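Listed in TrEMBL:
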- 111-186: domain 'PDZ' (DOMAIN)
- 229-336: domain 'Lon proteolytic' (DOMAIN)
- Ser234: active site (ACT_SITE)
- Lys279: active site (ACT_SITE)
Amino acid sequence: MRKKIYIGSLLLIALILIGGMYYSLPYYVSKPGMAKELAPIISVEDGNKDEGNFMLTTVRMGRANIYSYLEAKLRKYEEIYPLEMILYKKETEEEYNARQLHLMAGSKLNAIEVAYRKAGLPVNYKYKGIYVVQVVPGMPAEGKLQAGDRIYKIDGHQFPSSEKFIEYVGQKRTGDEVTLTYSRNKKTDIVSLSLQSFKEDPTKIGIGISLVDDKEILVKPKVKVKTDEIGGPSAGLMFSLEIYNQLTSEDLTRGYQIAGTGTIDEKGNVGPIGGIEQKIVAADKAGAEIFLAPNEKGAKKSNYKDAIKTARDIHTKMKIVPIDTFDEAVKYLEKLPEK
């Protein structure tokens, strides 16, 4: 009898332990990710090779379970965030992931444009349609469209931008029907939806989607950027440097292992990112010698200053460099002595 009770207790404990792994808490946990060399990820046709390496840095982010939550409480450089700090209002995790992938796509486009223009090469865009970022609950698109869908036509018409799409819909009335041609998982489909006013703003009508332009950049020589499932805009600066380095004959790495982070816009301005402390830890573990950090024009609580603080805390030999623009990064690298 005691043996049966003992075995039953063990099974119960095992079930509780296993259940704890799969029960999601209303939090996200982030921790240091990796520093990944960009040369295998970015390929410019007939591009030049680096002696050193440019590296993007990442943060590992995931929904917390009991164990990851407790682990993050105990470990330095692991952070816990309530869901509302990560997800938009009424945003699903699927929509969050789609949003992050779109931000990465936008980051790549900006990086390519900045690098090619710096190299004196022409840049053109081809508008492909509209990318669905979020579907509003309770609106006509719910259950019909989803984050990640690409809309090509509305009522048989193609538009040169998402603004024109919104303008077209705005001219219609509540109850009017629109027919959308869209693609999902490389399959094209058609759906008809009736327009409805938004609860938050009854003066506006729509189908209930948040959208952005889906466009393709046209450059020569051709460039490929393979990022798999890495999301977010924070690799923009490092993408632009690797692309520019492959386009030009001078090797900006000078033989060094150079990590960094920062968003980039189409004008080459470098913006702040989240998780700078964790990225410093990841870069140090990967053996980076230089880290380029967003300076935010010298703001008191800039990414650069947080990076310096973390670098001192972990006693890294890595040099932390403040960067505000792509041109500033290039000038710094051009002055580096050959390793």
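The backbone N, Cα and C atoms fix where each Cβ goes, and this holds for glycine too.
These numbers come from a predicted model, not from an experiment.
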Across the domain 'Lon proteolytic' (229-336), DSSP yields 45 helix, 20 strand, 43 coil
Cα-Cα, Ser234 (active site) versus Lys279 (active site), nearest Å, comes out at 11
DSSP puts the residues of the domain 'PDZ' (111-186) at 17 helix, 28 strand, 31 coil
Using a 10 Å radius on the Cβ of Ser234 (active site), the other Cβ atoms enclosed count 29
Listed in sequence order, the residues of the same chain lying six or more positions from Lys279 (active site) whose CB sits under 8 Å from its CB are Pro32, Gly33, Ala35, Thr57, Thr58, Val59, Ala259, Thr261, Ile273, Ala307
Rounded mean pLDDT within the domain 'PDZ' (111-186) lands at 90
